[in-house]
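Trainee: Supplied in structure tokens, the structure appears directly below.
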Ligand SMILES: *[C@@H]1O[C@H](CO)[C@@H](O)[C@H](O)[C@H]1NC(C)=O
Ligand SMILES: [Zn+2]
Ligand SMILES: [Zn+2]
């Protein structure tokens with residue numbers, strides 16, 4: 001029995017228990033306070049409004065009743081340092097867009113301010129950014145305004161009560177957030193419907209500076225609030241607003257044991273921001289439909305750079321929206337800066353906002369009937385009303401009055417015969433054109449385009465795809481749809497834990513099979529058998545892909561098997577380090593520099609979350625960081641070090657290579673190709689990679705309070721130092737002196753091919769007879785391979801060598817009597833011989 005191996009397994013199990021305990025305490029706030037609610041059967045929620053009567057008498061005609069709309073904007077990132085976009089876009093939005101659109105209300109889903117420093121490295125709350133936000137709304141906005149915080153609004157924020165929580169003093173809905181403990185709601189009541197709007201502040205209760213502040217979470221208590229807001233009463237539609245897409249949130253469980261998905265069936269649409277438009281077109285359509293909860297999630301791109309805003313309309317319970325961009329061409333690239341080079345558009349004397357010049361957006365169009373079938377919610381919207389309708393209905397937002405607008409409608413590319421007329425009023429710029437939906441009842445999608453030309457020549461267009469048969473059309477959002485549907489924190493947790501457990505297996509399993517000592521004949525035999533199989537694959541001249549793969553698997557098994565014995569220190573330190581990652585804090589850092597006490601400022605980083613004082617913050621950013629570390633700093637280096645455990649001369653079969661170059665005399669060092677990682681350029685790359693990874697740690701210290709404590713109280717740093725040493729001076733290291741290879745030949749005992757080659761080299765050198773390789777030779781090989789008298793042959797050869805006295809054997813020299821048949825195949829003691837000195 002392998003006592004050390006068993007001990008290691010026991011230690012691993014104990015550490016896993018400790019890890020579970022950490023997980024359990026870190027997520028306590030997310031679990032129901034009602035202890036065993038996960039055991040209880042959930043009491044059924046009152047069903048959301050059932051599918052409305054299909055034989056309803058409501059006909060969408062040319063009337064303006066039962067329609068309203070609102071504006072959604074997000075990620076303003078008001079910034080004192082950046083004159084392009086940011087504050088500038090926001091002021092234009094307030095000054096030139098809101099008065100034209102005249103929405104019922106405006107919702108801004110977070111990242112109201114940028115809070116990044118000039119170099120975009122650290123972050124802190126700047127009161128002048130908030131001042132501009134507050135003043136601009138006070139001065140010009142005369143509609144209801146609802147807002148909430150985004151991650152940027154809680155960068156470097158010790159708590160809600162903190163002095164630097166400027167949202168509390170400058171945000172418009174701070175009172176509501178505070179009162180509702182993170183969730184607040186408002187209603188719109190129409191003659192024929194009631195609509196509920198719910199805003200969620202999902203910021204971490206303690207907000208670290210950037211960059212480890214990207215995910216939001218809802219504690220069990222906030223989930224209770226949300227549950228109440230979503231279920232206390234049925235509404236025609238409920239809309240939820242949050243800064244974070246659900247993919248970047250961690251949801252607790254409400255006291256009654258309800259998960260977020262349970263609640264999601266109670267709203268129609270979840271509006272959010274935060275991802276901006278990602279990069280490289282990945283996030284062009286960050287929108288998705290969940291067929292289980294029957295709800296949509298619609299991310300909106302940022303105002304800061306892309307100048308995007310969204311108009312959402314509810315027309316007889318059909319919801320439609322359009323994302324519109326500020327006319328960026330009319331906006332100067334840079335807004336004004338003051339004498340200090342800062343963006344602070346406030347008059348110094350009377351402290352009013354310095355507004356930019358008015359811009360003139362082209363007409364924008366929102367088609368409300370028929371609605372875009374990609375965003376249909378079949379069980380929550382009365383989609384049959386499209387089929388019953390008598391008019392195409394759409395809203396046109398323009399500075400110009402209706403008589404100065406020319407409207408052109410086309411369906412499937414054909415001009416619509418009926419003229420659209422303005423049927424709206426000052427509150428609803430509604431247009432309608434008669435149509436006959438039965439013409440499109442062929443169970444196919446159709447394309448509707450509307451073009452509006454204003455008196456000043458500016459043109460707005462809108463295209464949608466619709467169906468009249470109440471079916472949905474796939475969003476086809478590509479990567480964006482996939483991202484918005486995924487659950488990022490779960491993915492990260494899975495990657496981290498999977499990588500950790502695979503590495504533990506790769507360390508522990510070989511511990512049981514690797515040779516324990518020089519005398520561990522049985523395990524050594526195992527290694528030798530692996531080598532023999534590698535050599536026998538080598539001897540196949542034309543290797544299939546499967547054989548090549550098999551050879552790689554065998555080679556890697558060999559490398560892992562010999563690790564515990566061959567590089568004992570590496571094995572032990574890696575093992576200890578991985579367990580430490582699971583159970584110990586990784587580092588301590590000044591996460592919240594604006595905190596007043598050291599418990600507020602300094603946090604301890606665990607994979608499972610951050611701890612401030614005695615309080616866990618279950619922010620999922622720790623998993624993002626952990627995944628990066630585990631994959632790039634541990635797995636990659638572990639792999640590189642194990643790879644170095646063998647070199648090509650250990651693995652290549654002597655005899656075979658010779659046949660590749662016919663008729664030439666080969667000296668042994670020409671006979672094998674070096675492994676990729678033995679090449680100088682590859683070693684160079686390894687160093688560059690190491691430097692890059694180390695620089696990431698240095699960057700960490702620049703975010704969180706410098707060398708002390710971030711780099712000194714940091715186990716990651718010690719690991720990098722260790723890895724650096726191993727790569728430099730460990731086995732086959734960059735700076736290790738290489739044994740002169742041509743002086744050595746590795747011969748695997750039992751491999752007839754190797755033995756033969758050894759013999760030939762020996763003869764070659766001793767008797768100076770050139771070797772000639774011809775077809776006969778090959779035949780001879782195959783004969784030898786199938787021969788049963790291999791042991792005898794080898795022994796004779798060896799005896800001869802010993803007689804001549806040119807061979808010196810490493811380890812014990814009792815080669816003759818140690819030869820035992822293994823698995824029926826002949827073999828000799830498991831020892832590579834590096835020792836024939838010529
Ligand atoms: C809103 O819901 C009520 C009750 O289900 C329904 O009678 C009414 O028609 C709905 N309003 C609209 C505009 O569909
Ligand atoms: Zn943002
Ligand atoms: Zn954000």
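Count begins at 1; order follows the chain as displayed.
Cβ coordinates come from backbone N, Cα and C, glycine included.
TrEMBL entries are annotated by machine, without manual review.
Okay, these came from TrEMBL:
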DOMAIN    70-277  domain 'Calcineurin-like phosphoesterase'
DOMAIN    362-468  domain 'TMEM62 Ig-like'
DOMAIN    494-648  domain 'TMEM62 C-terminal'
TRANSMEM  488-509  transmembrane segment
TRANSMEM  569-587  transmembrane segment
TRANSMEM  623-643  transmembrane segment
TRANSMEM  680-704  transmembrane segment
TRANSMEM  716-734  transmembrane segment
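I would like each feature placed in context: is it buried or exposed, what are its neighbours, and how far apart are things?
Mentor: Per-residue confidence over the domain 'Calcineurin-like phosphoesterase' (70-277) averages out at a pLDDT of 95.
With a threshold of 8 Å between CB atoms, the same-chain residues lying at least 6 positions outside the transmembrane segment (569-587) that come near it are 8, 11-12, 15-16, 18-19, 22, 500, 503-504, 507-508, 511, 563, 604-607, 611, 626, 629-630, 634, 638, 641, 700, 709-710, 713-717, 719, 722, 726, 730.
Tertiary proximity for the transmembrane segment (680-704) is limited to same-chain residues at least six positions away from its ends with a CB under 8 Å from its CB atoms, namely 121-122, 208-212, 587, 589-591, 632-633, 636-637, 640, 710-711, 714, 716-717, 720, 723-724, 727, 734.
Residues 566-567, 570, 573, 577, 586-587, 629, 633-634, 637, 640-641, 644-645, 647, 677-678, 683, 686-687, 690, 693-694, 697 of the same chain lie 6 or more positions beyond the ends of the transmembrane segment (716-734) yet place their CB under 8 Å from a CB of it.
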Trainee: Using a Cβ-Cβ cut-off of under 8 Å, list the residues of the same chain that are 6+ residues beyond the ends of the transmembrane segment (623-643) and lie near it.
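Mentor: The answer is 212, 214-215, 489, 492-493, 495-496, 499-500, 503, 506, 556, 559-560, 563, 567, 570, 574, 577-578, 581, 586, 605, 607, 675, 677, 686, 689-690, 693, 716, 719-720, 723, 726-727, 730-731.
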Trainee: Per DSSP, how many helix, strand and coil residues does the domain 'TMEM62 Ig-like' (362-468) have?
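Mentor: Looking at the domain 'TMEM62 Ig-like' (362-468) with DSSP, the answer is 15 helix, 46 strand, 46 coil.
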